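Peer 1: Pasting a structure below so you can have a look.
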Amino acid sequence: MKKLLAASLGILSAVGGFVDIGDLVAAGQAGARFGMAHSWVLLLGVIAICAYAEMAGRIAAVTGRAVFDLIRERLGARMALVNLVASYLVTVITLAAELGGVALALQLASGVPYLLWVPVAGVAVWLVLWRIRFPVMERVFGLAGLALVVFAVALFWLPTDWAALGRSAVTIDDAGQGWGAYWFVAVALFASTVSPYEVFFFSSGGVEERWSAADLADARFSVLVGFPIGGFLALSLIATATVVLKPAGVTVSNLDQVAHPVVLAFGGVGLAIAALAFFAVTFGAALETGLSAAYAAAQYFGWQWGKRVSPREAARFHTVLLVSVLLGVLLLLTTIDPVTLTEYMLIISAVALPLTYLPILVVANDRTYLGDRVNGRWLNVLGAVLLLIIVAAAIAAIPVAIGTRMGQ
Amino acid sequence: MRIQVSRELLDRQLVDVDGRLVGKVDDVEFALDAHGVPYLRTLLTGPGALGLRVGGRIGRMLVLTAERFVTDRPMVPLRIPYRLVARVDSAVWLRVRAEDLPTSPAEAWLRRNLIGRIPGAGRAGG
């Protein structure tokens, strides 16, 4: 029973770590514009994040070192510093987008304009990071995030044409929107599923909770169950947008539209559940991105980090944490639209993806670190193919974004 | 103990006897013994050493940022005699406690002037 509980808690963390503002926006836009035609991207993204999170978790458990430690060891001080600057910027912009998501969820629930909620969200995120114990925070938000299942339920409530939905999931079609826009959304959706902060956070969490080789099976289990559940929730977002928004010709420019199918199915109750779910996943992701930004810096420089020691003893780590949240808030207070910010965030994350994933693949094959726990042959084939796709997405991101003027 | 300095020592995490993180091996220093044979004398850690190794504009920016936290310039890296190293695996484990080594100036400054002043700074989050 205790083991079952521990396993389900791990799964909750993984679900909480998967869905965030990027998924809400990208999945909503994909469904509203192209129907189910991006399902394969989501599937590919889930496979990629599972494979690479497993590697990062295994490295953390066997060596006690988190991802950015390895990036510095493998790339050397100079290249890793360039990587750190890029990763930090991407992660802080992601943090800003998540804070914007929190504010939009609160606007959805209260009707009070989101900009007023931005400072509140920033302070709340920082307070939780300062005060709340690590496992508690990720499980609470993971559990609340499961409320997204209301989107899957809504599909059964609405007059869904399941046969048509299934057919459109297996046919790749630009739905008259142009192939440029199709690939723009594909890159954004892929980037949202394999966000680098997910592996920074996952591996640092493993080091923090002192995983050993004995915990490896549990860690692997949470990844292989939790991330696909997250993927299923994202797929149900695409599906509801396909069924409700696409026929009506609605485009997604705010979280209101993403929530609309649920409101149509369940009215005010649906709105409340959707707002709660949006709040939980974006708040949880804001915590994770904030921590990840600080993890990356601390692990590059070798500072004391983590929530096991008091903030006094990890002053530089907590300073970076504080500054990152502040930067996120300031970025939003420029009144940049959070959904637009999310779109830009996804494109620059796509560009930065190889910076995180290449070193993981290299170290996962290094016997001096992992002994006989290096990647097996099939995982390497899979990892290499996925890396090619990641590199392709990174190369394509900017040309596609410019060529389509951000997917128009 | 036979070690490839560039592959197994540089850029590794320094950890004290209690598992506290002390810094990275930002650089190393060799010396000659009585017979003229070079040996690894010191591990260097801190932004001063790192900045020099990174080099270029980005390295200088790193040093300049770190120097804002110290009064004596140029800033000196923390020097750890190699005999204090207990073992080297995925990290470099020291025989001493972090408290017995000089604290990084940036850490000390931020502890004193920013983080230490916020209520609850002395409590571990768990």
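Count begins at 1; order follows the chain as displayed.
Placed from the backbone N, Cα and C atoms, the Cβ positions cover glycine too.
What TrEMBL lists as transmembrane segment is A:37-60, A:81-106, A:112-129, A:141-159, A:179-200, A:221-245, A:265-298, A:319-338, A:344-366, A:378-402.
A description of the local structural setting of each listed feature is requested, covering burial, neighbours and distances.
Peer 2: Same-chain residues lying 6+ beyond the ends of the transmembrane segment (A:112-129) with a Cβ under 8 Å from its Cβ atoms: 99-100, 102-104, 106, 137, 283, 286-287, 290-291, 321-322, 325-326, 328-329, 332-333, 335, 338.
The list of residues near the transmembrane segment (A:378-402) in space but at least 6 beyond its ends in sequence, with Cβ under 8 angstroms from a Cβ of it, reads 44, 47-48, 51-52, 54-55, 180, 183-184, 187, 190-191, 194, 347-348, 350-354, 357-358, 361, 364-365.
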Peer 1: So, taking each listed stretch (A:37-60, A:81-106, A:179-200, A:221-245, A:344-366) in turn and counting its Cβ pairs to the transmembrane segment (A:141-159) that are under 8 angstroms, which one gives the highest count?
Peer 2: A:221-245
Peer 1: Quick check: do the transmembrane segment (A:179-200) and the transmembrane segment (A:265-298) share at least 3 Cβ pairs under 8 Å, counting only pairs 6+ apart in sequence?
Peer 2: yes
Peer 1: Is the transmembrane segment (A:81-106) packed against any residues at least 6 beyond its ends, judged by a Cβ distance under 8 Å, and which are they?
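Peer 2: Distal contacts: 20-22, 24, 68, 71, 75, 112, 114-115, 117-118, 120-122, 124-125, 195-197, 200, 254-255, 275, 278-279, 281-283, 285-286, 289-290, 292-293, 296-297, 300, 324-325, 327-329, 331-332, 338-339, 341-342, 344-345, 348-349, 352, 355-356.
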